[in-house]
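Look at TrEMBL and you will find Thr14, Ser15, Val82, Val218 tagged as FAD binding site. Under the heading domain 'Glucose-methanol-choline oxidoreductase N-terminal', TrEMBL lists 248-262. Under the heading region 'Disordered', TrEMBL lists 130-152.
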Amino acid sequence: MTPEEDVVVVGAGTSGAPLAARLADAGRRVLLLEAGADHVEFPADLRDAARMAAAVPGHPANWDLTGVLTEEVTFPVPRGRVAGGSSALNGGYFVRGTRADLDGWAAAGNDLWSYDAVLPSFVRLEADREYGDRPGHGTDGPVPVRRPRHGHPLADALGAAAAELGAPDEPDKNADGAPGWGPVPLNVAGGVRVNTAMAYLSPRRGHPGLTVRGGVLVRRVLVEGGRAVGVETADGVIRAHEVVLSAGAVGSPQLLLLSGIGPADDLRALGLDVVADVPGVGADYTDHPDVYVTWRPARRLPMPRDLHPLHGVLNTPDDLEVLPWLKPFSRVMVPRTSAGVARVLGRPRATLRALRGASLHRLLDTARRRDDLFLGVALQREDSRGRLTLTGPDPGVQPRLEYRYLSTDSDRRRMRQGVRLAAELLRTAAMAPLVAERTGLPDEVLASDRELDRWIRRSLATAVHLAGTARMGPDSDPGAVVDQHLRVRGVEGLRVVDTSVMPTVTSRGPAATAVAIGEWAAELMTE
């Protein structure tokens, strides 16, 4: 039978949308499938960059996942179920992976993914307002990149506090400079969160080489004679010459496993036929563990409705990140419009289902301090590794997301360092006039390694920067799922293109790198 499609891309998210768009531009005939809605005009709660309403459990654009962070702590894991993927839900943080990150990938046997090799993709994707005319930046790409221009008393004080502690100035987080304090690059323009569907798909509506279908749930990849020949959806079979999974670091490995591609013993135990024994599928699950150091302002700070919660961020040479928020969660994680509120409140069962098992301590603590401000402390290069596994053969059931956070001494030590650094920022002379008190973290806990470890474990969250569940690597790497052309081992005509393939998660939030992965993969597929 002749394939109906040239390329089927599963997932119109942060990597999938740019991949499909660039393949179509290169003359390929692409069918892009998205489980969520494909909005021609995005609703206000997905456009509003000052809020993250869709990250709240129960929102229809959210997959409502739950992660097991440690043996004691579970936590909601928002992932985008909408064209644009998680770039339609997140805070707009758009910082590239560092040279050390990508050169580390290359050193592991993936020379096509060195920093210098991928840099043209970073340049091509962006329209950088502040630095677009500088080397290593772009001016006319589809994704707007903006840094906060206007001062804010808290942001100014935090910058002075970082300097007081000796942190260097880092005005361009997307340059190849020393880590320090600097403004957060945002994929935001005019207060609008510009997701990848807006940036890549909207300008190509009607493109003869690109068809986008929303509301299509893919159940598995069809493999015949060792070759991917299409996908099975809830509505039937779609055949194709080539299949690309861009369903994210949860969805892509889940689909591989459901298709019989993964650890053979695990697949057989679930009653699934083994198509290819690929032990690395779902392994090496990694993310950025984080905690929030909360504090109460000494005076009322300006918080206009359109104030973006992110302004500046401190990165350290040992890959810690302290990210202050200018607004409390109570003003960020809610829709602005009554229609948006009704959309979430109208699905109480979905909201409660997404919160099942979530840390009671963390939920109560967040509710009690709902109007406090906070510094997010994240470990950007963790040594601990988790695992994604199926709990059954039903594609409608969420896989188990086992993070195994802080399972190494080095991770626990560096997380303590990060929390103490955040507390030190709040104690600086620059911050003293603004800080009434640090809340929820007593001095006696801060002073004791043992007590601080306990506090961190109870307070753990995740930055939701998932990666590594189908990582790339050379033939000599037994844990690699794809080669550096992102071709799945043991199955012809099948690739994975999203953060699943990262050998290690980037030491900055992965959104910008996820877009670059889509851009660069399109180059590799058409060269």
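Including glycine, each Cβ sits where the backbone N, Cα and C put it.
Sequence features annotated in TrEMBL and their locations in the structure.
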residue	record	contacts (Cβ under 8 Å, 6+ apart)
Thr14	FAD binding site	Gly80, Gly84, Gly85, Ser86, Ser87, Asn195, Thr196, Gly248, Asp498, Thr499, Ala511, Ala514, Val515, Gly518
Ser15	FAD binding site	Gly85, Ser246, Val497, Asp498, Thr499, Ala514, Val515, Ile517, Gly518, Ala521
Val82	FAD binding site	Glu34, Gly36, Ala37, His39, Leu46, Ala54, Ala61, Ala88, Leu89, Ala197
Val218	FAD binding site	Val10, Leu33, Ala35, Val231, Glu232, Thr233, Ala247, Leu255, Pro395
Fill in the blank from the handout: Model confidence for the domain 'Glucose-methanol-choline oxidoreductase N-terminal' (248-262), as mean pLDDT, reads 99
Problem - Val82 (FAD binding site) - helix vs strand vs coil (DSSP) - result: strand
Handout entry: Other parts of the chain folded back onto the region 'Disordered' (130-152), taken as Cβ under 8 Å at six or more residues beyond its ends
Key = 18, 94, 119, 122-124, 172, 174-176, 183-189, 194, 196, 199-200, 203, 302, 307-308, 310-312, 326, 515
Problem - For the region 'Disordered' (130-152), the number of residues DSSP places in helix, strand and coil - result: 0 helix, 4 strand, 19 coil
Exercise for the section: Among Thr14, Ser15, Val82, Val218, the annotated FAD contacts, find the widest CA pair distance and round it to a whole Å. Expected result: 18
Fill in the blank from the handout: Taking DSSP H, G, I as helix and E, B as strand, the domain 'Glucose-methanol-choline oxidoreductase N-terminal' (248-262) contains 11 helix, 2 strand, 2 coil
